[in-house]
Amino acid sequence: MIKYIGVFAFLVGGFCHDFETVISNQDPIVDGMRLVEGDMLFDDGPLFTERNAVKYDQQLWPNGEIVYEISPGLRQYEQIIREAMRTYEDNTCIKFRRRTNEADYVNIHVGDRCYSRVGKSFRGGPQPLSLGRGCTDFGTILHELGHSVGFDHEHSRADRDEFLIIHKENIKNGSEHNFDKLWENNTRTIGPFDYDSIMLYGAYAFSKDTRKFKTMEPVEPGLPMKSVIQKGKLSYYDIVKVNKLYKCPPVNPYPGGIRPYVNV
């Protein structure tokens, strides 16, 4: 049975800004890795463009087990972080285990923005997942954990132009690269395009004016494009894709065949 925790139950401590309005619009180097599309870290160099789901099995967590450590600065948010982890655990074969002395782990800490390494680092050792101001709602934590599991943004898929209209004229200056598409021959694309995915930003992401100008909208008119914080849950196909990537046993997260709209 799929288990969801609604986003609004976890808007605590004043960190309730939509992270799509606070993520970086540049590609700096953070901990020796390149920050791409605002919140994803990749090992700097030619491999950092090879994205969607991670391409190489070495970037998957062995046996689907992700070792983590939560910094003391996030103690008041530990419950919501664990609830987000349990959402993956309850619906996929991914497991999160608190670190004892393991060398390879996700270091969940308070940074100056929201970001995560995508998949397991080739280099090994600790890899950052930052939950700064505006990053501690349930949907955003699910999103950043999705990067740690191994997924890129849905709006960067090589086939995204079949499903999304990108309004380049509405993108704020310096943020255009956040809408670059993946290279089709350098990515592992899994499943159909999913408008409900927690890995898809909302219609106003990186907008010059988030009250007026959409930067993305569905090709099919009338379909909603909620922000990550508004979604606040994994979609059916988020779950299917994780299970496929990690070769999990079959799972039916929607008993009775109830599924959200997905453009196949």
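The backbone N, Cα and C atoms fix where each Cβ goes, and this holds for glycine too.
Computed from a predicted structure; not experimentally measured.
In Swiss-Prot this protein carries:
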- 1-16: signal peptide (SIGNAL)
- 52-249: domain 'Peptidase M12A' (DOMAIN)
- Cys93-Cys248: disulfide bond (DISULFID)
- Cys114-Cys135: disulfide bond (DISULFID)
- His143, His147, His153: Zn(2+) binding site (BINDING)
- Glu144: active site (ACT_SITE)
- Asn173: N-linked glycosylation site (CARBOHYD)
- Asn185: N-linked glycosylation site (CARBOHYD)
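Here Cys114 (disulfide bond) is compared against the recorded positions Cys93, His143, Glu144, Asn173, and the shortest C-alpha distance is to Glu144. Across the structure, Asn173 (N-linked glycosylation site) and Glu144 (active site) are spaced 25 Å apart at their Cα atoms. Reduced to three states, the DSSP call for Cys114 (disulfide bond) is strand. The two recorded residues, His147 (Zn(2+) binding site) and Cys135 (disulfide bond), have Cα atoms 14 Å apart. Residue pair Glu144 (active site) / Cys135 (disulfide bond) shows a Cα separation of 9 Å. The number of other CB atoms found within 10 A of the CB of Cys114 (disulfide bond), across every protein chain shown, is 26. Ranking the binding-site residues His143, His147, His153 by how many other Cβ atoms lie within 10 angstroms of each Cβ puts His147 at the bottom.
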